[in-house]
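According to Swiss-Prot, the protein carries these features:
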DISULFID  CYS65-CYS124  disulfide bond
DISULFID  CYS174-CYS221  disulfide bond
DISULFID  CYS265-CYS308  disulfide bond
DISULFID  CYS349-CYS404  disulfide bond
DOMAIN    37-140  domain 'Ig-like C2-type 1'
DOMAIN    248-327  domain 'Ig-like C2-type 3'
DOMAIN    332-420  domain 'Ig-like C2-type 4'
CARBOHYD  ASN32  N-linked glycosylation site
CARBOHYD  ASN60  N-linked glycosylation site
CARBOHYD  ASN121  N-linked glycosylation site
CARBOHYD  ASN150  N-linked glycosylation site
CARBOHYD  ASN159  N-linked glycosylation site
CARBOHYD  ASN218  N-linked glycosylation site
CARBOHYD  ASN344  N-linked glycosylation site
REGION    477-515  region 'Disordered'
REGION    532-558  region 'Disordered'
SIGNAL    1-20  signal peptide
TOPO_DOM  21-426  topological domain 'Extracellular'
TOPO_DOM  448-558  topological domain 'Cytoplasmic'
Amino acid sequence: MAGLRVLLCLGALLARQGSAGLQLLLNPSRANLSVRPNSEVLPGIHPDLEAVAIGEVHDNVTLRCGSASGSRGLVTWYRNDSEPAFLVSFNSSLPPAAPRFSLEDAGALRIEALRLEDDGNYTCQEVLNETHWFPVRLRVASGPAYVEVNISATGTLPNGTLYAARGSQVDFNCCSAAQPPPEVEWWIQTHSIPEFLGKNLSANSFTLMLMSQNLQGNYTCSATNVLSGRQRKVTTELLVYWPPPSAPQCSVEVSSESTTLELACNWDGGYPDPTFLWTEEPGGTIMGNSKLQTLSPAQLLEGKKFKCVGNHILGPESGASCVVKLSSPLLPSQPMRTCFVGGNVTLTCEVSGANPPARIQWLRNLTQPAIQPSSHYIITQQGQSSSLTIHNCSQDLDEGFYYCQAENLVGVRATNIWLSVKEPLNIGGIVGTVVSLLLLGLAVVSGLTLYYSPAFWWKGGSTFRGQDMGDVMVLVDSEEEEEEEEEEEEKEDVAEEVEQETNETEELPKGISKHGHIHRVTALVNGNLDRMGNGFQEFQDDSDGQQSGIVQEDGKPV
């Protein structure tokens, strides 16, 4: 052993004179070998250059001794730990330290079944005319043996695919084990080109706060050994789901053959599509589990109900439902319509309550074919409202009943409208008639006023004739005509007495008649002759008094 140490010291002294700037790159099978100056060597020995070799666990690696090829001198390999450890030599008297170590051509060291503990510094000693030392750095890489991906998704499909609810928070984590620690990267592929998300050593985690539809795709985590370049990756598909925004809508439609009805359950706006279940109500008899359900003729009954239950993967757990009810059309009664000869008229028919929607037709008679649109008949329909416009009305052709018929596969209803066609109105005749009626009414009012209020008309007449306002006038209401006929004889007697008094009055002096007049008005008051006589007597007394006064005044001296 003392002799070996002497040889090592001599070799170190000779190696100091070599070139220090040489770099060597070798690429043996499954190993990379490079040479770097001034690296670690045996204690107390400064080499000219150092090579770096890389191998993987369980693989084989070859470490070359310098850059020379061909025949070599005595070559010996050492492992540089705290103290140099002999591995193998051309000297046959020195057996290898382990069967895994052997020498190849040109003094290269072959190590089989690499282990992690093989990582370290190695030195090749060549003794020919002089001794040379060639240090080699061996790096042993391991893994990555696995890649573990964890995604905190909402749920997992039976095939293992993950899904997350739109708007939720999703955490991503990827880890791997390797020697040295691997470089971990995240990629996402939503379309054709992957997008890089980030990288880190050993593990990589990130969080997406609000999942959206454009974040649905394949997420890939890759772990790469920075020494060996070995890479492992795991790709996980993540789907983004969302439920329909509103409740399902049930409807009934006529089939393409127009012979039966189809139930439709629409619950759109979600992803993926929901599932459906149709039941017959009441009773809950299951009919089918498709979006469209065909009804049999026996099920086309008035008031029949059917229920659709929709289920989405994101809930609600009990599902969302809607109910559809079959019903025949309803038609309100229509009033009579009138059209003038040569004019136009529009008949309107409003249908309500029909499910499915009804087909509306216009007929002149329920046994005749439906009215077809033409220049004479204009038919317009908007939704469940239909209008029939008749142009150039004719009394012979168009007057009569018109039927509005509404029909669906549940039932049929009809209502009739009577159309009366008349001649146009004479406006001039109407105006003349109105004016005549107004004049007639005015005459009647005037006559009634004259009959019941004669004083008003008498005073008016006297004023227009310029009579003296000092005239004496006595008005006595008259009795009804029937009583006048019965008391006609009594009136004649009274008239004779009045005439006598009048004659006496005419004998008064002429001066009296110059300033005053006495008007005689005789009437029968309620057939009471005594009352009338008393009134007349009072009138006579007043007249006598006036006459006496006048005579006295005339007797005065002038």
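From the backbone N, Cα and C atoms, a Cβ is placed for every residue, glycine too.
A map of Swiss-Prot features onto the structure.
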residue: CYS65; record: disulfide bond; Cβ contacts under 8 Å, 6 or more apart: ARG72, VAL75, TRP77, ALA106, GLY107, ALA108, LEU109, CYS124, GLU126, PHE134
residue: CYS174; record: disulfide bond; Cβ contacts under 8 Å, 6 or more apart: VAL147, GLU148, VAL149, ASN150, VAL184, TRP186, ALA203, ASN204, SER205, CYS221, ALA223, VAL234
residue: ASN218; record: N-linked glycosylation site; Cβ contacts under 8 Å, 6 or more apart: ILE188, GLN189, THR235, THR236, GLU237, LEU238
residue: CYS265; record: disulfide bond; Cβ contacts under 8 Å, 6 or more apart: PRO248, GLN249, CYS250, PHE276, TRP278, LYS291, LEU292, GLN293, CYS308, GLY310, CYS322
residue: ASN344; record: N-linked glycosylation site; Cβ contacts under 8 Å, 6 or more apart: THR389, ILE390, HIS391, ASN392, CYS393
residue: CYS349; record: disulfide bond; Cβ contacts under 8 Å, 6 or more apart: LEU331, GLN334, ILE360, TRP362, SER385, SER386, SER387, LEU388, CYS404, ALA406, THR415
Looking at the glycosylation sites ASN60, ASN150, ASN159, the one with the fewest other Cβ atoms inside 10 Å is ASN159
In the domain 'Ig-like C2-type 1' (37-140), how many residues does DSSP call helix, how many strand, and how many coil? 6 helix, 47 strand, 51 coil
Average the pLDDT scores across the topological domain 'Extracellular' (21-426) and report the rounded value. 88
To the nearest whole angstrom, state the Cα distance for the pair ASN159 (N-linked glycosylation site) and ASN60 (N-linked glycosylation site). 41
Inter-residue C-alpha distance, ASN121 (N-linked glycosylation site) and ASN60 (N-linked glycosylation site) (nearest angstrom): 17
When a 10 Å sphere is centred on the Cβ of CYS124 (disulfide bond), how many other Cβ atoms does it contain? 25
For the domain 'Ig-like C2-type 4' (332-420), what are the DSSP-based totals of helix, strand and coil residues? 4 helix, 46 strand, 39 coil
Mind tallying the domain 'Ig-like C2-type 3' (248-327) by DSSP state, helix then strand then coil? 3 helix, 41 strand, 36 coil
